[in-house]
Amino acid sequence: MKIISWNVNGIRAVEKKGFTDWLLSCGADVVCIQETKASPDKLSPELLAPGLSSAEEENDAPLFAAALESEQKGAVYKSYFNSAKKPGYSGTAIYSLKEPDSVTALGESEFDDEGRTTIAFFGKTAVISAYFPNSQAEAARLDYKLRYCACIYEKCNELVSKGYDVVLCGDYNIAHTPADIANPKANEKNAGYLPEERAWMDFFTTHGYKDSFRLFCSEPGHYTWWSYRFNARAKDIGWRLDYLCVNESMAKKVKSSIILKDVTGSDHCPVEIEIE
């Protein structure tokens, strides 16, 4: 099973940069998307049912079903969107070759209202597309973020207790260690590298879950996000904010976990995991 996760920084914007062509050629079984910034009724047929040229727009799509079953029949990927109530903000989605057994949100309104989580179930595997909040300047939303972190951890534990393997995909908006950020000293007081955020990652990755990328690579200097300013991407002055974390039993099944650095279209690049 190959899973890709990507913060696209606006799915309508990345569509103009070749997103659907990339999606149809990426070879993933499941693609988790963050920061969609759009509700299904604002999306093109190509985004709703990729690979189905005859798809028609559905302007009253139910939550988690971007197109009606009849419209998605024959599409290469099925799509499931969880959008924020605020237009043009946040939002997550999952594209899947195989129809999931079910798709849900996190189940907490303060986070579901921002469309921060989409969970798809495939047999005894739960794939989660998560867009962790940004703590913002002067830690204005740090408390909100830490509540989300606690809630997602509780959800993962609940799923594991029910016998599911969990893949928590997404933009965590946290650079975990100095190895995950180009200028650690200069960013110690900045959102995404605050002590409280890093401490939560310490806790999460030592209490039942593993950062799959670090199962294979311990080297510094591998990033998934670059500022649009100062030509940061060309200079590779970045942060590793995007993760594919798995529960401990699932970690034994991970064959590879890589960063798709050459895929452009967003200020983030995708990350990919392959599982037995």
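Each Cβ is built from the backbone N, Cα and C atoms, and glycine gets one as well.
Record features (TrEMBL):
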type	residues	note
ACT_SITE	Tyr131	active site
ACT_SITE	Asp171	active site
ACT_SITE	His268	active site, proton acceptor
BINDING	Asn7, Glu35, Asp171, Asn173, Asp267, His268	Mg(2+) binding site
DOMAIN	4-268	domain 'Endonuclease/exonuclease/phosphatase'
SITE	Asn173	site 'Transition state stabilizer'
SITE	Asp242	site 'Important for catalytic activity'
SITE	His268	site 'Interaction with DNA substrate'
In which DSSP state, out of helix, strand and coil, do we find Asp267 (Mg(2+) binding site)? coil
Cβ within 8 Å of the Mg(2+) site centroid (Asn7, Glu35, Asp171, Asn173, Asp267, His268 excluded): which residues? Val8, Asn9, Gln34, Tyr131, Trp225, Leu241, Asp242, Ser266
Which site among Asn7, Asn173 has the most other CB atoms no more than 10 Å from its CB, taking these as binding-site residues? Asn7
Recorded positions compared (Asp242, Asp267) - highest count of Cβ atoms within 10 Å: Asp242
Show me the subset of Asn7, Glu35, Asp171 whose Cα is within 10 Å of Asp242 (site 'Important for catalytic activity'); these are the recorded positions I mean. Asn7, Asp171
In whole Å, how far does the CA atom of Asp267 (Mg(2+) binding site) lie from that of Asp171 (active site)? 12
Among Glu35, Tyr131, His268, i.e. the recorded positions, the one with its Cα nearest that of Asp171 (active site) is Tyr131
Among Asn7, Glu35, Asn173, i.e. the binding-site residues, the one with its Cα nearest that of His268 (active site, proton acceptor) is Asn7
DSSP says Glu35 (Mg(2+) binding site), in three-state terms, is coil
